[in-house]
């Protein structure tokens, strides 16, 4: 740091949130609910707009008609809460430092140095830096900067994707990657009447979450909508025209596809760079405890960048999902403002997606033996995962609000499963029955042994869990029904 920088006026805040994504918006609302004073809170973000609901980008934003645009999807509309526009932050005395990167962070001195040369100091820092999209160059393929190659992580990416899509009506798109972004973008492209080929190295789509049997259901549906799949191979190079546009992609299996546009969704990498060597990292993220506090007591981390203890699994995980970002944001503010009233973060992993007319939800963990139920040739089916004799995960496509609530509750309760055949026979009815059993009435000792929890569980805890699970499911349902399918 040179003398000039030292001379620059710095600003000091009690709380600083670094990052302006979903987690930052939900944390800001929670701070206001918990009575933060004017001038105490600052959000520093390299995005030029106030925090917004990121899932809208791969869903509502890309629709050909009545597409979602800001300010309609600023946080926290995703949880049916207030919409936090720039005016809202101003009215509540929250400093929004937008379009500003941070060059360095010094956790010992509790300062951030911005790209504009300003020093921002804090008493407590919440790291909500999220993740960045992995680029093709990191896999040895150049051409990411071509005008018709698109990624999707922020609003600038989404705007570009819409422009490129509108420039080639009826054209051919190749989607690289078979995960969330790949699947949701492919569906949006089809709705925009663009021909889609999906290319990914795995044997089936959504490989981290789906079994091949579940994946097959979605792939068949996509095929019925005209999507072509090329699996088990990756992109090796692009052909360009004289304007630098990609005209064809060559795959490692030797095949070549002519294209009008390419969408790349090959994963994300948490933004931990500012804290390497300063905070303990784990699972690619910043390691935090049950209060979401890092190895430095004045620094907390939430959302995609945080590796936190997942009680249900008894291990540290980093979860890349909007629900985890929202819930961890609320919890961290509670942990900071009301530490005596706040327990450890007890999060049940939850994932969902909506594509075309399909809609699924998943709770828990996808380990152990899988038991399928329902009609996989119809519109509703599901699966349970049973590990070491306990139900640890549940998936459902085409469920009702009540059914999603039931699988959430059942997964959180982790009931002992003695007979897989019986579980298969009962199917969805099993979750519904388990979730309706009264949880509070028997004494604690009996209940804990009844449910065969690996660790003793207190009655209030289970009740809270059920309430949380129900609210997650209710919110997911609301989000699906009311929010123009974001």
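Glycine is treated like the rest: Cβ placed from N, Cα and C.
Any TrEMBL annotation is an automated prediction that lacks curation.
Annotated features in TrEMBL:
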TRANSMEM  12-29  transmembrane segment
DOMAIN    15-329  domain 'FAD/NAD(P)-binding'
DOMAIN    348-431  domain 'Monodehydroascorbate reductase 3-like C-terminal'
TRANSMEM  457-480  transmembrane segment
Give me the DSSP three-state residue breakdown of the domain 'Monodehydroascorbate reductase 3-like C-terminal' (348-431), ordered helix, strand, coil.
24 helix, 35 strand, 25 coil
Intrachain neighbours beyond the transmembrane segment (12-29), with Cβ under 8 angstroms and 6 or more residues off its ends:
36, 39-47, 49-54, 74-76, 78-79, 81-82, 84, 89, 92, 94-96, 98, 102, 105, 112, 120-130, 271, 274, 302-303, 305, 322, 325-326, 328-330, 332-333, 336
Between 0 and 100, where does the mean pLDDT of the domain 'FAD/NAD(P)-binding' (15-329) sit?
97
